[in-house]
Structure formats: C-alpha cells, structure tokens
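Only one structure is covered here, and it is reproduced in the block below.
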C-alpha cells in the first residue's frame, strides 16, 4: 500500500487519505471529531501515527500542518456578527423552500408559481428559472457537495433533475401517485430519493433516469427522508408514527423504528451512521441505534410538537425545535438536556448547527431568526426584518452566510 495524497475535510473535521493498493486508488478517512482549538496537536499526531500505518514519519509534518489548519478553521467565525446583505422578492406567489449550495455561492427557491429559481448569492441576481412542473414546486435540493445538479419535487407527482449550469431538464421521474413533499440526493450523487403523500418513497438513478426501487411499507404520508453518510441506508419518517431504515443497495427494509405515538416530523442519521434521531408531534425526540433499530433514549421536556431536530456535524450534540417556542440542546452521550434556548415568541420550525458546531440557528413564526451559543444557550443575535413567519433558514458550509426564507415572500441573505 502506497499513500498518494492527504486531503483536508473541514466539516466534520478530518483528513482523507488517498492510497494505492494493488494498482487501485482507494480512500479512507481519519475522523477528528474531538478536535478543538485547544487540542495538543503533537499528542494527537502521535495517536494518529500509532493507529494509521499509512502515516509514515516522512508524512507526519504534512499531517501536523493539516491539523493546525483545521484548528484555525474551528477558531474562525465564532464571534461573527451577521448583517443583512440583500432582500430578494423571489416569486410572485408564495415560497415553499430555499436551499444553498455547499459554498453558498448560489441558492435555489421553490414556489407555488410552479418554478424553481437559481440565484447568485453575491449579486442577488436571478441566474435561471427552472420551468416545467404543472403544480407547486415544494421540495428542492442541490446535489451537494458537487452542486452541479438540482432536484425539484412537485405536487404534480413528479420529480425533475436539472443542470445548474444551463437549466436543462435531464430527467422527469414519474411514478408517484400523489404529491412529492421531500427529496434528497445520496452523498455520492448517483441517486435521488423522493417521498410522497402516496405513502411510498422511490429511489431514482441520476444517470439513466430510471426508477431503482420503490420503498413500500408505510401506511401514511412520508414527510421526511435522509441518507446516511455512506449512502447505503436511507431513513423515511411518516405520519403513521414510524420511521423505517432501508438498504439502498437492495431496496429492502432493515428495521422499523416503532415508539412514537404521533406523526414523525424529522428523521436523520448522525455523521458516523451509528445513531438515528427522530422528532415527533408527540412532543418528544427519540434516539435509536442505527444497526439494531432499538430505542436508546427518549428526549423529553418540550410542551408541544417537535417541528425540527438535528445533530451537530460530530454527532455529539442534538438540537430540538418545538411549537412551544423553545429549542433545546442535548448531549448525545448522556441524553441529558444541556441548555434551553428561550426568547422566540412563536413556534420554531427550523433549527441547525453551524458547521463548527458552536452556534445554533433557529427560524420562527415570530418573524425572526436567532443565533445562539450552543453550549450556554445565550441568544447572540436576532435577525429581524421579515414581515411574516420564517419557514426556512440555513448556514452555508463555511458558516459565514445565512439565508432565511419567509411567508412574506422574500429571502434575506445575511453575511
């Protein structure tokens, strides 16, 4: 085995190794999930060298430099104050969703006007209108990290695949018998998954436009789906109160996650694919072992429905957002509540960590988005200006751009 190159992976922090084995180029990653600005780099380097024979003495200086660069990255943006950069009145009819590409250089908006629009973040200019659906464009996504394709899911029961560069429609995926309400690319960008009100999810081949599998087994609408990091599993969350893990290679059901007593609002894997988090209208989140499907913990404390939940990039922290107007942060290890985020005056429908994991972004029906310290729960900034509820908010990959989408029919870009 011969090491060819070392690449940096910022979020979650790690180093990718490219090496040659029997003439074939292979990759493996060293996760540095415990890295912090105060980590002793030389001690960490020794630990890596003991565990990874590909890191020889001649390569150790290069690895040390990469770790230092990662530490610098973790120190950045922590005191960043966001300011309004642009307000875009994106569509005449109401917006449904907004999504950023990985770098934040462009973003997309879906609308009741049956189109998806592509925007340049820096100038606020409209780059493309993706026109072709015959009903509301509801679910939208870039194939991050590549960012050269867009998928749109519509109430017209179809999903379309588009070129970001030209706006050309590559494929129209037909087969659902009701509205498509969620979709996702697999991390390898070879498949698109769609979830529908027809109780089914489908996997589609990006190259040939064919249906690969139909995932049947839910007895009510599928409103959430997401792939794990390796792309060999997908989880679907349904109004039937269950989530199901599926094998994407065979299309078979791996396990049923049964335990919630109301509709599932979100279902997702942590970074290393060992745990699953589900949020429900029953006011709880549940943490599951991704392999066995056993419930490891029920996270309680909210007084109303859980509308969104997420892991940080390392999988150590869990954030929950509720219709009770509060958000909470839990430790994934102890399952205890670390802090409560209080200050919104309406339900919180969206929550996410910045890539560094030290900040949390929330969007609320009180017309504001807020930035919080993930450890202390202190509100650091209130992003005001929208005149109706915020239904979408997100960081870009670096954590230095925020986009908010509101029922006031505008998107706001914050730098």
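Glycine too: its Cβ is placed from the backbone N, Cα and C atoms.
The annotation repeat 'WD' is assigned in TrEMBL to 88-129 (among others). Outside the repeat 'WD' (88-129), and at least 6 residues removed from its termini, the chain residues within Cβ reach (under 8 Å) are 135-142, 144-145, 147, 150, 152, 154, 162, 164, 167, 391-392, 394-398, 400-401, 403-407, 409-413.
With a threshold of 8 Å between CB atoms, the same-chain residues lying at least 6 positions outside the repeat 'WD' (130-172) that come near it are 96-103, 106, 108-112, 114-118, 178-185, 189, 192, 194, 196, 198, 204, 206, 209, 397. What TrEMBL records for 130-172 (among others) is repeat 'WD'.
Look at TrEMBL and you will find 173-214 (among others) tagged as repeat 'WD'. With a cut-off of 8 Å between Cβ atoms, the residues of this chain six or more beyond the repeat 'WD' (173-214) that come close are 135-136, 138-144, 146, 149, 151, 153-155, 157-161, 220-227, 229-231, 234, 236, 238, 240, 246, 248, 251.
Residues of the same chain lying 6 or more positions beyond the ends of the repeat 'WD' (215-256) and with a Cβ under 8 Å from any Cβ of it are 178, 181-188, 190-191, 193, 195-203, 262-269, 271-273, 276, 278, 280, 282, 288, 290, 292-293. The feature repeat 'WD' is assigned by TrEMBL to 215-256 (among others).
The repeat 'WD' annotation in TrEMBL covers 257-298 (among others). Along the repeat 'WD' (257-298), the predicted structure has mean pLDDT 97.
Under 8 Å from some Cβ of the repeat 'WD' (299-340) lie the Cβ atoms of residues 11-13, 33-34, 262, 265-266, 268, 270-272, 274-275, 277-287, 346-353, 355, 357, 360, 362, 364, 366, 372, 374-377, all in the same chain and six or more residues away from its ends. The repeat 'WD' annotation in TrEMBL covers 299-340 (among others).
Look at the repeat 'WD' (341-382): DSSP puts its residues at 0 helix, 22 strand, 20 coil. According to TrEMBL, the repeat 'WD' annotation covers 341-382 (among others).
Residues of the same chain lying 6 or more positions beyond the ends of the repeat 'WD' (383-415) and with a Cβ under 8 Å from any Cβ of it are 10-11, 77, 80, 82-91, 94-95, 97-100, 102-104, 107, 109, 119, 121, 124, 144-145, 346, 349-350, 352, 354-356, 359, 361-371. Here TrEMBL flags 383-415 (among others) as repeat 'WD'.
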